[in-house]
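Data first, discussion second: the structure below is written as C-alpha cells.
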Amino acid sequence: MDEKKERILDIQLRGISSSKDRAGTVFSFATNVDIVIIGISCVAAVVAGGLNPILTVLYGQLVGSFNGFQNGSVTGQTLRDDISRFTLYFVYLGVAMFLSVYVTTVGFYYSGERITRSLRKAYLRNIISQNIAFFDTHGAGEITTRITSDMALIQEGITGNLSISLTAAATFISAFVIAFIEYWKLALILCSTVVVLTVTGMVGVALPIKWTKQSMLYYGQGASIAEEVISSMKHVTAFGIQEPLAQRYESRLKKAVRPGLRAGILTALMNSMSNAVPYLSYALAFWEGSRLIVSGEMTIAAVTTSTLAIVIGAWAIGRVAPNAKAFISSIASATAILEAIARESPQNPFGTDGAKLEDGELDIVFHNVQLVYPSRKDVGVLRGLNVSFPAKKTTAIVGASGCGKSSIIGLLQRFYMPTSGHIMLGDTELQSLNLRWLRKKMSLVDQEPTLFNATIFENICYGLDEDMTKISSQEELMSLVQEAAIRANAHDFITNLPLGYQTVVGEKGLQLSGGQRQRICIARAIIRNPRILLLDEATSALDVKAEILVQKALLAAAKGRTTIIIAHRLSTIRDADNIAVMSEGQVVEQGTHDSLIAERGHYFRLVEKQWMQKDDKERVSANDTGDQSQQDQSLSEKPGPMLASVRDKPLTQVGTLIEHDAVRPVSSPSAASEDAQMRLHRGSHAVGIRMIYDLSRPEMAWVIIASAFAMLVGLSVPAQSFIFAKLINALSLTPSSRLRSEVDFWSLMYLVLAIGTFLVMMLQGTIFSYTCEKLVLRARDRCFRHILRQDLIFFDKTSHSIGALTALLSTAPTDLNGLSGQLLGALLTFISTILGGIVISLIIGWKLALVCTATIPFVAGFGYVRLVVLHSFAEKMTKDHQDSAAYASQAASLIRTVASLTMEDRVMRHYESILMRQSAASVKSMLYASAMYAASMSVTMFCCALAFWYGGKLLADREYTVFQFFICFAALISGAQTAGVVFSYAPGISKARTASRELDTLFRSAPRIDTWSDGGKGIQKSACTGSIEFRDVTFRYSSRPDHLVIDGFNLTIQSGQFVALVGPSGCGKSTVVGLLERFFDPTSGSILVDGQDISTLNIRDFRSCISLVGQEPVIFSGTIRENLLLGAPDDISEASIITTCKEANIYDTILSLPDGFSTSLGTKGVLLSGGQRQRLAIARALLRDSPILLLDEATAALDSASEAAVQEALSRAARKRTTIAVAHRLSTVRDADVICVMQKGRAVEKGKHDELMRIEGGVYRALVEMQNPEGQ
C-alpha cells in the first residue's frame, strides 16, 4: 500500500495531527466568571492556609508564659491575663477560618462543577463529531466510563485536591516565614526534612500517572465489553453464554490490578513519609534547639514556635498525600479526556468549511473508487468501483453479501474516506462539500432500524431539519409527523398504542417489534424530504402486506429525487431505472430489470433463485404489471385486520419509570411486599460495611493485619504527645547538661517513633492498596455477573438502560473505596488516637482531659452532619449523572444514526439541558455541605481556645504542671484534629454509601426466571427429542392488562418437524419464540417440551436444548473463533467448526481474511457486513447442535445466493432437529411440515404449503401471491 493510502487510513484512525493542542488543560474550559471565582477561592484558600501557622506564634508565646510562671518570672495574674488575651485570639482565628474555608469550598465546588460541565460538553461534542472509524475501535462503554467516573475524578481534583494543595502551599510558606523570623539557623537546619518530603511528593505524584492511565485503559476496555453485552441480553440469555462473557470482562479487569497496585504502593510510600518526617523534624528541632538554648541563642518560646512552624509546614505537604491517589487519577483522567478532545476528526460535522451547491440535477459518479476499512487494512472492500447514479432516478444495487453494497452508502454519507479514486456530485468532489450540508440532503433507512429513547413523535421529528422544528408550531409538526407515518404504514399501529405518538419507544426502540421500528425509521426518512434517498434493505423487517404498502410509499417518495436502493429481495427493485450488480467490490452488470433478465447473467441467476415455485422459472421475463398494480391498489384501500395488529412487546409510559414487576405477566404474585422489603433494606446504614466485608472476605486476613497496623499508627499520636510534653518539660529546665541529656533521650524516642511509623504505615498502605484493587475488581465482576443474571423484564425498566447500567459498572465499584482501604485506615487510626489520648490524659490529668474530651463530639458532630448532607446530595447527583451518562452512551452507540440525521446540535442541546438541571439542583445542598465542612474545620480553633483557657486556669492555680497540661492538650486536641481529617473523607463516604445501596439492590434482585438456579428437573440435550406443545397459551403485560398479546394459542409440534410461523408484523410470532425460550412465562396456559412443562425444568439445561438465530445478528468484539465458540460444546472439534462454517456459507469469507479465524471483528462485529454477521451467527447457532432450532427471520439480511446456500444448510440442520422459523419471506418456509399463520396472537391457519394454497380466500394464499417476484 502506497504512502498516500496509508495516510488516508491513518488519519481516519488517529485523526488529523494538529500542531497545537486544541484542548490545552482542564482550566482552558473555564469562563471569565469561573476565573474570577477561582481567583477569590484561591485567596480564601491561601488565607485559610496561613491561619494555621499563626497558631504556632500564639502557642510559642503561651509556652513561654507557662515556663516563666513555672520559673517564677511571671505572676499568676499576668498568666491569667495572657491566657484571656490569647483565648480571644484563638476565637478570632476560628471565625476567620470558618469564613475562609467556606468561601474556598463554595468557590471551588461551584467553579469545578461549571468547568467539568464544560469539559463534559466539549468531550461529548468532539466524540460525536468523530468519523465512524473512531468508533470501530472505541466502544460506547469506554465513552460512558470517560464521561462518568473519569469526569468525577477530574471534578474532585478541582473541587477538593486543588483547594487542599493551595491551602497546604499557603501553610507551608507562612510557616517557614515564621520559622525563619524566629531563628533562621534552626529553620535552615530543619529544611532538610522538608526537602525529603518535597522530593518524595514530586516523585510519588509523577510516577503513578503512567500506571493509573494504564489501569484506566483496561477498565475502559472492560466497559466496552460490558456495553455490547448488556445491549445484546436477549441473545446472551438465549445462548446461556453469561459465564464466558463474564470471564472475558473479568480478564480485562485483572489486567488493571497490577498497574493500580503499583500506583497504590507509591501512594503508600508518600503517606508514610509525610507522617514519619514530621517526627524526624521534632527530633532534629528539639535536639538542636536544646543546644541553642544552652548557648543562649534562643528561648524556649522561639524553639517551640520554630519547631511547630516547620512541622506544620511539613504536615502541610503531607496533607496532599492522602489525596494524592485521587489527584493522580484526576490527572490521568484529564489527560485521556483532553487527548480525546484534541483529536481533530477528518470528517467534522460541526465544520463550516466546504462547498454548498445550488439545487439542480446532480449525478453521483464513482470513478475507480477503492475502499479499505482503517481497522482492516489488509482487506480491500471496493476495488476500482465505477458506477453512476443519475439524478432524480432510482438506482438499485444488488449482489452477494459482503460484495461492498453497504460500503457505497457509507462513502456517500462520508462515514469513511475512499483510499483512492473520486466520488463526484455533479462536477464537485464529494470530499470538498460541507459535510453537514451534504448529509442534510440525504435520508438513510438502514437494514438495522435504530430509534432513540424518546417518543415516537420525537423520533419521527428527528428527520426534519432543525430550523423547521423551530419555526413550526406543535400542531404543524404533528400534522407533518402523522402524514409521514401514514405514508410509512405506521399510523394505525401508533394510534392503537395507549399513548399514541407520545409513547416512549425504549432504548434503541426495543419496546417495539422490528417491523414497527422499521416503519418509524421510514417515516423519519420520508418527513425529511431529501434530495437523495438511501435505502439499505429498508423493508427487510416488514411483513408481506406492510412491505407492499411501504414499498409503494417509498416508490412515491423516490419520484423526483435521486434514490439508491440496496436490496436482497429483488421484487422490491424490479421497477428501478437502473440496476447495478456487484461482485467482489466491482460492478459486473448494469441495466434495467428487463435488459438484465434478457442477458441471463448474474442478475438473472439471482432472480431465478428467488422464484417462489420451482415450475415457474420459465416465467422470468419482462411481464406486464397491470394485475399487480390493481392488487396493490386494492390492498392500500383495504388494509385488512392484520394492519391493525397490536404489539408483542411492552411499552414504557412517558415520564414514568416502570418498576421491575410492572412488565411482568398479570398472573405473577404481587410485588408489594418485595418493594416494602427493598425500601426497608435501603434504609439500613450497615449495607455498605456488610458489602465491603463480603467482597473483601478472601483478603480478610490481610485487612485485619492492615487494620492492626492502622491502630498502631493511631497510637503514635498520643505517643508523640507524651514525648512532646516531656521535651517541653525538659526545655523548661535550667540550661545545663541535664537539659541536654533529657532532650537527647526524648529526641531519640522521636527518631524511633518516626522509623516505626514509617514502616507500619508503609505496610498498612501497601496491604490496603492490594485489598482495594481486589475489592474493585470483585465488585465490578460481581456487578456485571448480577446484571447478566437478570431476566429480560429487568432491562425494560428505564433506570436499567444500557447507559445507566454501564455507568453503574464504572462508578459504583470505584466509589466503594470510600468505605475501605484508605478510609478504613483513617477511621481506625482516629479511633485508636482518640482512645489512646483519652486514656493517657485521664491518667495524667483527669480534669483537663474531661474538658478536652467534651470538645471531640462537636468536631465529630459537625463532620457527621456534613456527611449526612453530602450523602443525600451524592444520591441525587448519582441519579443525575446516570441520566446524562445514559444519554451520552445512547448518542455514542447510535452514532451512525446521529451522523446521518445531522443530529449533533440536537444531541448537544439536550445533553446540556440535563447537565444544567443537575447543576441547578445541587446549589442548595452544596452551600449547606460547605457550611458544615467549614464549621468542622474551624471548630478545632474554638476547642483550642477552651483547652488553653481552662488548662491555663489550672496551671495558674498550680493544680497542674506544664507537663500535665501539654499531655492532655496535645493528645486530645490532636485527636480532635484527626477527626477533622477523617471527616474530610465525607464525600467519599457519601458516595460509597450510595454505591453500596445501588449494588446491594442489584445483588438482592433475584429474577423470577433465574439462570443461577439449580432448581427444576434436569434435562439432557442428548435425551431431548424436541416435541413441543402450546396449550391455550395467553400472555399479556401488566402495564397493558387489557390487551392480550398472545390469545389462546395452541400448536403441537412433533419431534423433528419444521414449523413456520408467518403473519403480519406485531402479530405475536417473536413473542411465541420468546415464550418458548422462557424469556418470560405465559399469563395462563402451558408450554410442554417432551411432555414436560418447561416451567418445571432447570432453566440452564432447558436453554442448552435450544439454538436461536435472530433477525438482527449479534456479534461480540473478539475474533471470529471466539464468537463461534460462544455457547458451543467444550469438546467441539476443528473439523466440526469448519464443516459448520461451510454449511452457513461463511467459510470462504473467513479464509479470504488475512488472519482467518483469528480475525478481530471490532466492537459488535462492525468490520463485517450485515449478511456476513448473520451467516456467522447462524454458524454459531448450528455449532450448539441443539435438538430445537429457532429461526427468527434468520436469513432476512442475506443476499439471494447466500440465502439459498444457508437455507439449504438450515434445511439439512432441520432434518436432525425440531425447527421453528419465523419468516416474512415465504419462499424460505414453503417446504415446512407445518405452516402456522398468526393474527392478533392466535393461530388462524395451520397446514402444509400446498394445503394452505388450496384454501380459497385463505390468509396464507394471499400472502404467497403478494410475494411473486414478477408481480403475478
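Glycine residues also receive a Cβ, built from the backbone N, Cα and C atoms like all the rest.
Caution: TrEMBL annotation is automatic and unverified by curators.
Annotated by TrEMBL as transmembrane segment, the relevant range among 299-318, 519-538 is 299-318.
Of the recorded ranges 89-111, 161-181, 299-318, 745-770, the transmembrane segment (926-950) has the largest number of C-beta contacts under 8 angstroms with 89-111.
Confidence over the domain 'ABC transporter' (1028-1265), given as mean pLDDT on the 0 to 100 scale, stands at 85. By number of Cβ pairs under 8 Å, the transmembrane segment (745-770) is matched best by 263-287 from the list 263-287, 299-318, 700-725.
Counting Cβ pairs closer than 8 Å to the transmembrane segment (161-181), the top stretch among 26-51, 299-318, 700-725 is 299-318. Contact between the transmembrane segment (700-725) and the transmembrane segment (89-111) is not supported: fewer than 3 Cβ pairs lie under 8 Å, counting only residues 6 or more apart in sequence.
Ranked by number of Cβ pairs under 8 Å to the transmembrane segment (299-318), the listed stretches 26-51, 89-111, 263-287 are led by 263-287.
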